[in-house]
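Remarks on the structure that follows.
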Amino acid sequence: MNTKPSTQRDLAPWVTVVVDAPCLGAHGEFYVNENTFKERLKLFFIKNQRSSLRIRLFNFSLKLLTCLLYIVRVLLDNPEEGTGWSHIFWVDRKMPLWAVQVSAQLFNYSLFLIPQGNIWEQIFRISFILEMINTVPFIITIFWPPLRNLFIPVFLNCWLAKYALENMINDLHRAIQRTQSAMFNQVLILICTLLCLVFTGTCGIQHLERAGEKLSLFKSFYFCIVTFSTVGYGDVTPKIWPSQLLVVIMICVALVVLPLQFEELVYLWMERQKSGGNYSRHRAQTEKHVVLCVSSLKIDLLMDFLNEFYAHPRLQDYYVVILCPTEMDIQVRRVLQIPLWSQRVIYLQGSALKDQDLMRAKMDNGEACFILSSRNEVDRTAADHQTILRAWAVKDFAPNCPLYVQILKPENKFHVKFADHVVCEEECKYAMLALNCVCPATSTLITLLVHTSRARCSCHCREGQESPEQWQRMYGRCSGNEVYHIRMGDSKFFMEYEGKSFTYAAFHAHKKYGVCLIGIRREENKSILLNPGPRHIMAASDTCFYINITKEENSAFIFKQEEKQKKKGFAGRGTYDGPSRLPVHSIIASMGTVAMDLQNTECRPANSSKLALPAENGSGNRRPSIAPVLELADTSSLLPCDLLSDQSEDEMTQSDEEGSAVVEYVKGYPPNSPYIGSSPTLCHLLPEKAPFCCLRLDKGCKHNSFEDAKAYGFKNKLIIVSAETAGNGLYNFIVPLRAYYRSRKELNPIVLLLDNKPEHHFLEAICCFPMVYYMEGTIDNLDSLLQCGIIYADNLVVVDKESTMSAEEDYMADAKTIVNVQTMFRLFPSLSIITELTHPSNMRFMQFRAKDSYSLALSKLEKKERENGSNLAFMFRLPFAAGRVFSISMLDTLLYQSFVKDYMITITRLLLGLDTTPGSGYLCAMKITEDDLWIRTYGRLFQKLCSSSAEIPIGIYRTESHMFATSESQISINVEDCEDTKDVKEHWGIKTSHHRNSCSSDQSEHPLLRRKSMQWARRLSRKGNKHSSKTAEWISQQRLSLYRRSERQELSELVKNRMKHLGLPTTGYGKCRSVALLCGGASCSRAPQVTLCRD
């Protein structure tokens, strides 16, 4: 029994389906219509790509053959034998030539009869009409021989050849799966159209002129070229009206057809310019290239990538292919037209989610793929989702292409853990901001390490070397330090220290070559260890990581002088024994006084000082000696220490003031993490989780009745963090400040000032940490700032808000943050404010002083450095140098550098405390006080730390302290005891002039206005009359100081009134202050730091 579905009549006409009942031996017949002769012809000549391509190629060849035979017939023709108009209708055609022409035309006609669709549509096509004109007369001549010499316009077959060529090219592209061929097709069509017009005109005019001047075929071709090129010499012209009419018709056709063809070609060219075309397969196989995938390409992002990528010599031959879904903006287009970049950078408009666009970029042949997130998006989670999909698409299309992914939020990081290198923006940002509070200028340190500056070049082109300021020259030179690596067995720096301790190798390599050895990696272990300490014995297979101006391979060594010194017995003195060439009060270095502490290799006694003066030889004129660094550690002095035990000095003994009221902390790993993928870090924790109600700073609960920071009675200064929301990245701000290696007595209370209430899972993650609180409020609300204890705070961290990262006008995203910070800077001048900005160029507005001569001089210096090609022109801005301003875009180069230095992300995460490795050190700060000045030089400091505590210093962060009246203060200052500050000032004999030339408030005692600095500032920013009266200048200065004094009093009264209204005590506000020098008004430490920079 046969059954047939009722909808079978709706199926395609070439499909017949027969279905038998299963129980009766069912069978089915499919596509039975394809068995017909007509369908088989279609299948062979049209549907099958390969056979169709062959047939079209054969057809095209036949068309060309017929045109060639026409030319042969014209050349063999003798028009002199006839006269009159009969030459137009009759020609002399030889019998062999006639036979070949008839055969060719019959072949053409047989191919044309292949069914290609509706028969009526084919009849009204121009191609059908031309076929009939050329084929039917030849068929007639077969049966009527007298017509064999009849003229037939076979030259019109050139248009049929053009049509066959177009179809053949389309089939070719379809067979090889080539989709981006519109431009090629259009150019081909235009060329073929021009050739057909010229060939038709040439043959037509030549034939019609048989009744006139009897032009040759070459003269007709010459006439057509001269006419179509609009030259028109007039030496050859048609004489009879048929040929003249043909010229008119051909010109009209050219005026209609050619502009349309050119318009289509121009349109496709413009579209191709927008989309960027293709990166050819040949180039991909013979050249090296990397692909940069972004959502939107901004000029700052592009220049940061290109400058950092091409800063490495071995990458000069690489090409950069940019794959972006948006159209190239004007600024990017202008930059890419510069010859320096036009030959290296290829812009392709397309999506990484499309395989055809990835094929255009030749992703499978790329050396690497950089996928960057759009940080200017309001919804950063959505931006991360787009990045994740791009990473998945690239990994699916080109699994062997190394991936370098930038992710914004830490909770999305585990989606791209398959990538070769991943940088999470919020993780690094919050950890860096946290370390800025305890290790001054950590952000500046990391930024300079991951940037390639011009300091590695010759002296005359380094940053700041043309400045008369000594600190700027030193700062610019040291900014060229980067992290490099080398195998110890291949190194001249470290090869001689094989079998010695790590500390011994670090000290002597620094003493001998000026390099700073910071870490190693065992051959059998892929983990990098920062400062593994004296217990680690160096092996030839170790990979050494060191900081230097340039890598060892680019260094030159002179050993003879050193050998002579050894023979004379001066090897032990080193190169740092001489007095410092730089005065203490006139220089700032590029990096904070930081050291990587050894991870509990020894237990130090209580209240011991790392830089204590040796008692036996510290008297008299003799310089105190420092114990040598041992080749192998003395195991008797290295006691094993348990990380979970309380062995630090503040944990073994407690003061009488604290008594039993002190809450005991424990060391352990945080039980809850707000996101997947966070690295476990040993921290100080509460024995029991604090209730959520106790985390609210400004509201009491049943457990305590405190409602402001003053009521808590904190021993240490507060650290306040202002953020829009309690994102998961904020967790990484707390962990470094509660790490196990922080002394319990030095733990600062952390107050989170949030615009929105935190979610439950975030509170669950932070409730185990001691002294961590939150409150709802904003930094533009004075009451919120006072309630969170801003007058008791040492640092205020202002995090860039997501809602303000995008603005209608570029670079205006930071407007609200900058103005709010400037307001706090005026209201609370003693507060150290650390600000994150979206755009690095806006840091020039931080602590802005419109009439300050020194600031204007720095602005001109920045412009000059930018003109000289510096990638870090903003580095001389005082807020950046002091670590008081930071932009996360500065860390984009960390991902770019990892292409050459695959260890940079790992080392950066270890420095920031995001990752911990057993046996590895950590980053910390150490203050150099007046009692430590017996060290004298950085080299002796290096030796003292290595010999006493096995610490490796890696930089200097210098400030100077001066005292002046609070009422005259207009710059950022620190709470300090006035007498101590005065003592330091008198010790160094620093004199303060009260009548220096300055336009800003209280500049008469501004510590920056030294004589040399002011001469430089006057020279760069002088605008007025050079011969102005000193008396008038002094009167103007006094008026300005009086105005500033009254303004300061008004601001002070405003803050005190608000504190009284809120019921807060006003004690502690407006005390005597001390000022940190050369930090842009943002003080750097609670005590004067006096250390010397490395020579």
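Along the chain as shown, the residues are counted starting at 1.
In case you wondered, yes, glycine gets a Cβ from its N, Cα and C as well.
Model, not experiment: these values are computed from the prediction.
Residues or ranges marked as transmembrane segment in TrEMBL: 57-76 (among others).
Feature annotation from TrEMBL assigns transmembrane segment to 187-208 (among others). Sequence-distant neighbours of the transmembrane segment (187-208) (same chain, 6+ residues past either end, Cβ-Cβ under 8 Å): 67, 70, 74, 88, 151, 153, 155-156, 158-159, 162, 165-166, 169, 215-217, 219-221, 223-225, 227-228, 238, 240, 242-243, 246-247, 250, 253-254, 257-258, 261-262, 265.
What TrEMBL lists as transmembrane segment is 220-238 (among others).
What TrEMBL lists as transmembrane segment is 245-270 (among others).
TrEMBL lists 287-423 (among others) with the feature domain 'RCK N-terminal'. As a summary of secondary structure, the domain 'RCK N-terminal' (287-423) carries 59 helix, 28 strand, 50 coil according to DSSP.
The domain 'RCK N-terminal' annotation in TrEMBL covers 716-856 (among others).
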Can you work out which residues elsewhere in the same chain, 6+ from the ends of the transmembrane segment (245-270), have a Cβ less than 8 Å from its Cβ atoms?
182-183, 186-187, 189-190, 193-194, 197, 200-201, 204-205, 208, 224, 227-228, 238
Confidence summary for the domain 'RCK N-terminal' (287-423), mean pLDDT rounded:
90
Helix, strand and coil counts within the domain 'RCK N-terminal' (716-856) (DSSP)
55 helix, 29 strand, 57 coil
Who are the chain neighbours of the transmembrane segment (220-238) in space, where the CB to CB distance is under 8 Å and they lie at least 6 residues beyond its ends?
197-198, 201-203, 205-206, 208-209, 212, 244, 246-247, 250-251, 254
